[in-house]
Structures are given as structure tokens and as C-alpha cells.
Amino acid sequence: MGISTALLPFSQNLSHFYSCVFGYGLGSGVWFSAYNVWVIEIWQQNSAPILQLSQFMYGIGTIFGPLIDRPYLTGELIHSLNNGAINTMGNTTEDQSLEAMLAEDNVIRRDKLHTPFLIIGALECIGPILLLVMYLIKPYNSETPVPPPTAPAESADKTKPTVSHQKIMIFKSTKIRHSLLVPLLSNFVAIVFVSDNIYLKFSATYFQYIPLQLNASESAGLVVQMAIIYTIGRALTVLISLRLNPQTIISYHMIVLMVSLSILSVGHDSYLTLQLGSLMMSFGFSALLPAIFAFVGQYVEVTNKLGTVMIFNCGLLNAFIPFILGSYVETYPNIFLSIILINFLVAFVILLTITLLTNKTENMNIIGS
């Protein structure tokens, strides 16, 4: 993943570019799946704060990314020319054609991207290197029993299963686990994952093509602000997750997202409303994915196989939704908000179905017992 990132701006043709993208996608998919499965396996029902803490560190990375990129971003020259921001070029003659100017600008822009991509690629290699060192020092053994997070009271039954374990046993004992619950949870994770992904990757482009038409540097600056709120939201949720269950965290974050989408849909002509809506969206997205993984871990046993199925499902959606968005965002910038809105309407319906399904099954088990 880190090597693919570092080599990306050095691509000389589309085959090189696609090879780097394939390597990055493969590495990030394996990392995302294996890491979350590993955390849930180790901490079980207490994995929510750990997931939030790890995602908090991810949020810190989203702050440094735009800060590293910003000094090297100039934006498309043709976009600046169309806006009348650039009338002459100091290093061109009067008879130089627009095509030659654009070709020269492309070379300059690509050369500038070498440095930030090398820096970010090197940073991405730190995590895998640390994990390799940990494995060499003390290999992880999944057979090792996990110690309880808190010491039970002397009068308590030490063999009594946890509430989360009881829920998993309920769904394992019924056909509902494989026929309905797992596909619903998998699709729920996939939809939120893709929405989070396109929000992070396409917001800067969206800012440049709405009526305000922010330039590349201004867009990067707003993305930095969004990343800060994104990180603060995850830091707060590390503490909140100790008090609230994942369902509650998911619910209020989805409400914040819906409000932010409403603000952005009517306020993209003003920088203040654009900033407010974008920062609210950042907070809404900040804790969703780790909370959803903790939510999934309450009802199904998150194994390597299930984690692979979930990430494969994420990959299927991620294969065509960003492609559609990337093809039309410059012409129809509001498609950015439309896709996120549609995704979350579907996600809300799935969450409601999962809630009704789990409540009904638990009630049936209580009556049966």
C-alpha cells in the first residue's frame, strides 16, 4: 500500500497508474479487513473503545495528509483560465498555444506531486513495519484465551457468558443468522464504508466545482478543517463509547449527517454554510465505521471469513460508485451529495430492519426460555 502510493505520481501511462491503484486497493482492503477482525477477536464485546481509538489515529492521519499536499497543489490551469484568475503566464511567449501551456502545466504539476506522495507512502509503511516487529518479538496466537476486562465479583458466576456472547449464541442457534442478519450487516457496513470513502476523496473536488468554485489551495484548507473535526469526533467517541452502546452512537451520528446534507444542499453558495455543513458532515462520519463494527460484533462472531465477506462487499460497491461520481462530479457537482444521501437513506432502512429483527429474535428467545 505504501509502495503503491509512493510510485503513483511516477506513472508514465495508464497501465502503470492502474497497477499502482490495484496495489493500493489490495493492500488497503487486506489491512482494513484483517485489522478490524483482529481487534474484535482480541477485545470481543469491549472492542468499541479500541476501535474508536485506532480510528482516532486514522483521523490524525487525515489532518496531516492535506497539510502535506497543500503546498504542492496548484489546481488545473484550464479551470483557472476559465475563471479569469490567470490571464498570462510568465514563462510563455505570446504565440504559445493553449495546448502547449496546458501540456507544460501538466508536467509541472506532476513533478510537484512526487514529494508529497513519497512522504505519505513512507508514513503508510510505518504501521506494517511495527506489526512485523511485534510478530517477530511475540507472535499472536488466536488460541490464547482472552483475559476478562474487569475482575468479577466474588459471588458472581465466573462461567456465566457475557451479554454479547449470549446474543451471538441466540443468532447462531437460528437460521436467521445466515439467511438475513449477516447479509444485512454486511450491506450496512459496505454502504457506510463507501460513503465515508467518497466523502474523504471527493470533497475537495466538489468544493472546486460548486458555484463558489474554491481553488485547490482553499479546498485543501477546508479539507484540513474537516479532518480536524473528524479526528476530534473520534477522540470524543473513545470516551463516549464507554458509556453508550454502538446503536446509540450510530443513531445520533446519522442524524448529524442528515442535517449536514440538508445544510450543504441549500447553502453551497455561501462559504459559511459550506463550512458549517462540511464540518458537521465530518463529525457525522467520524465514529460511524468503528461503531458499526462494534455493533456487528454484538450479534455475530466476527471471523476471518466474515471479515473477508464484508470487505469484499465493500469492494463491490467501491468499484462502481466512485467511478460514477468521478465521471460526473465536475459537470454535476451535486451528485456528490445525492449519492451520499441515497446511501444513507438505504443504510437507515437497513439499520431499522436489523433493529427490528434482533429485537424480535431476542424477545422470542426470552419467551422460549
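Using N, Cα and C of the backbone, Cβ positions are placed for all residues, glycine too.
Taken from TrEMBL, the feature transmembrane segment covers 16-38 (among others).
Here the transmembrane segment (50-68) has long-range neighbours at 35-36, 39-40, 43, 116, 119-120, 123, 200, 204, 220-221, 223-224, 227-228, 230-235, 237-238, 241, 286-287, 289-291, 293-294, meaning same-chain residues at least 6 beyond its ends whose C-beta is under 8 angstroms from one of its own. According to TrEMBL, the transmembrane segment annotation covers 50-68 (among others).
Annotation comment: TrEMBL describes 117-137 (among others) as transmembrane segment. Listed by sequence, the residues of this chain that lie at least six past the ends of the transmembrane segment (117-137) yet keep a Cβ under 8 A from its Cβ atoms are 1-9, 31, 61, 64-65, 68.
Look at TrEMBL and you will find 180-200 (among others) tagged as transmembrane segment.
Per TrEMBL, transmembrane segment is recorded for 220-242 (among others).
For 249-267 (among others), the entry in TrEMBL reads transmembrane segment.
According to TrEMBL, the feature transmembrane segment maps to 279-297 (among others).
Marked as transmembrane segment by TrEMBL: 309-329 (among others). A Cβ distance under 8 Å defines the sequence-distant neighbours of the transmembrane segment (309-329), meaning residues of its chain 6+ beyond its ends; these are 25, 29, 32-33, 182, 185-187, 189-191, 193-194, 197-198, 201-202, 205-206, 209, 296, 335-336, 339.
Outside the transmembrane segment (335-357) by six or more residues, the chain places 176, 180-181, 184-185, 187-188, 191-192, 194-195, 198-199, 202-203, 205-206, 247, 250, 254, 257-258, 261, 264-265, 321, 324-325, 328-329 with a CB less than 8 A from a CB of the stretch. Summarising the annotation, TrEMBL assigns transmembrane segment to 335-357 (among others).
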